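A.B. asks: For reference, the structure I am asking about is given below.
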Amino acid sequence: MDVCARLALWLLWGLLLHQGQSLSHSHSEKNTGASSGATSEESTEAEFCRIDKPLCHSEDEKLSFEAVRNIHKLMDDDANGDVDVEESDEFLREDLNYHDPTVKHSTFHGEDKLISVEDLWKAWKSSEVYNWTVDEVIQWLITYVELPQYEETFRKLQLTGHAMPRLAVTNTTMTGTVLKMTDRSHRQKLQLKALDTVLFGPPLLTRHNHLKDFMLVVSIVIGVGGCWFAYIQNRYSKEHMKKMMKDLEGLHRAEQSLHDLQERLHKAQEEHRTVEVEKVHLEKKLRDEINLAKQEAQRLKELREGTENERSRQKYAEEELEQVREALRKAEKELESHSSWYAPEALQKWLQLTHEVEVQYYNIKKQNAERQLLVAKEGAEKIKKKRNTLFGTFHVAHSSSLDDVDHKILTAKQALSEVTAALRERLHRWQQIEILCGFQIVNNPGIHSLVAALNIDPSWMGSTRPNPAHFIMTDDVDDMDEEIVSPLSMQSPSLQSSVRQRLTEPQLGLGSQRDLTHSDSESSLHMSDRQRVAPKPPQMGRAADEALNAMPSNGSHRLIEGVHPGSLVEKLPDSPALAKKTFMALNHGLDKAHSLMELNPSVPPGGSPLLDSSHSLSPSSPDPDTPSPVGDNRALQGSRNTRIPHLAGKKAMAEEDNGSIGEETDSSPGRKKFPLKIFKKPLKK
């Protein structure tokens, strides 16, 4: 306890001693400063009255002027009474700690490079801060100096803008005693802010605070809106580009498809040419076979004429007649099924010329579509190049190039679709025309040859046919694979199959008279129906009529004497299909007759042919349904009663003809017959 008391006494004594020394030192300073201060105050007052005489009697203004003078002294290092540019720059950098004092330097000097005390005072008086009210000073203290805790002190002292220079100088009495600022950092901060305000005017933050806030908000809104707009435009441009790329890919696929169709078209044309060559070879082969059949018929004719067996000749003639009838029946059916009308040769050339002219217009339309496709491709490539640049996406998004390219692509695609549809319709139409006319139209010698063949003025045709350039195609033509089939290529398999069938089918033998009558009635019905649709070619019908008009319908001796295979062969037309069927049947019938002649050599050479004819038509025939003609017995009696065989044969032949006519008119009275006209007897004019 004693130790603590002693320590407290020693501390108290030391404090009192230190306080006494400081008081004595301050008293001495006051005495010396009072004498020097009196002289400085007199000089300051005289200078202030010289500079601003109306305000020299105001104590507050004197204090403010003295503060401005002290600020000038701080800046004037060489003490020559003027502050030059270097001195002000050094003061701003060292005392005010401005790293880039360019703006402040220009504001302080303006156009005057030397600043005196008078210039500095006048600049202070013209400043906006000089006229600040108490509220404005307090606002400056809160917002700029950021010392709101001294607001009450400033309000009590009623400090206005006139007192600002006193705050800008180091004054312990003003800051410590009057303002009661105990914190040294607060005093230094207040001094620096006040010095900046006195020298350079009010701070910009205080003067334009709300405006800057508003501009900042507006800038933020504009920035956010711009970013959002850029994002929307970027997404829209990407979607548009994707759509355009899809259209472009579809256009490429259409081009490839059109190219494939063109290749298939060329391939089909090559097949057409091959089929045409095969057809020519087949016709040549059929003509050779016809010539062989003619030679064989001539040989059989000579053989039949040289035999002395009358009965075998009669039977041979009947078989020959049956085969000829069957061959003519088949030939007529073949005629009905394969030929109805033959167009003239000039029509083929005119149709070929029409096709070539249409191809010219089609090529022009196709070239226009290709040109539109090329323009669309170039536009797409330009957009791709623009997107690779820095602002390419924004430029593409704000310009109308995307819409233009999209429109060009759609236009090109529509043009390609029209070209494809025109190609499809043209192929189908000319295919049907070829089928109906029966000759080639698409494959032709060319427009120049056709113009020369038809004796047309070349100036009527205009420009020459453009060569088809690089052919393109749409997505819709893949269904045309089966449509590019030539009519001749479709007809040639049936032609070959029919020829093959005629070469391999078994030859018909001798049939019953009932079957022949039934077949005649059915073929006549079929012929009557088909004649209404397709008329028979005149040359083939005329040849068949001439061949059949030379024979009777029941095969009497008149056929043997007047009609023979050689004459029938000569009267038949040159059609390979019809003539081949006829001569194959004829050849087969003649072979059978020849074999029968060899099997029956016992018949006497002078035998009456009436016996053979009556035997072939008598009830003892192998077919029980064969009708017996009325004139058979008459022929037998006539042959027995007469001594001249030729007269008896002629008489029996006439009676047999009458009997056959009566049989055809009287048999089957309940059924209506439609006999073929080639089996009718020729009318005598």
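Glycine is no exception: its Cβ is also placed from the backbone N, Cα and C atoms.
Feature table excerpt (Swiss-Prot):
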- 102-126: domain 'EF-hand 2' (DOMAIN)
- Asn131: N-linked glycosylation site (CARBOHYD)
- Asn171: N-linked glycosylation site (CARBOHYD)
- 214-234: transmembrane segment (TRANSMEM)
- Ser257: phosphoserine (MOD_RES)
- 344-442: region 'SOAR/CAD' (REGION)
- Ser512: phosphoserine (MOD_RES)
- Thr517: phosphothreonine (MOD_RES)
- Ser521: phosphoserine (MOD_RES)
- Ser523: phosphoserine (MOD_RES)
- Ser567: phosphoserine (MOD_RES)
- Ser575: phosphoserine (MOD_RES)
- Ser602: phosphoserine (MOD_RES)
- Ser618: phosphoserine (MOD_RES)
- Ser621: phosphoserine (MOD_RES)
- Ser628: phosphoserine (MOD_RES)
- Thr665: phosphothreonine (MOD_RES)
- 670-685: compositional bias 'Basic residues' (COMPBIAS)
A.B. asks: Would you report the average pLDDT that the model assigns to the region 'SOAR/CAD' (344-442)?
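C.D. replies: Average per-residue pLDDT within the region 'SOAR/CAD' (344-442): 86.
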A.B. asks: Determine, to the nearest whole angstrom, how far the Cα atom of Asn171 (N-linked glycosylation site) is from the Cα atom of Ser257 (phosphoserine).
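C.D. replies: A Cα-Cα distance of 98 Å.
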A.B. asks: Please report the number of other Cβ atoms within 10 Å of the Cβ of Ser257 (phosphoserine).
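C.D. replies: Step by step: centre on the Cβ of Ser257 (phosphoserine), count other Cβ atoms within 10 Å, giving 20.
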A.B. asks: Reduce the DSSP letter at Ser257 (phosphoserine) to three states and note it down.
C.D. replies: helix
A.B. asks: Considering the glycosylation sites Asn131, Asn171, which residue's Cβ sits among the greatest number of other Cβ atoms within 10 Å?
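C.D. replies: Of the glycosylation sites Asn131, Asn171, the highest Cβ count within 10 Å belongs to Asn171.
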A.B. asks: State the three-class DSSP label for Asn171 (N-linked glycosylation site), counting H, G and I as helix, E and B as strand, and everything else as coil.
C.D. replies: coil
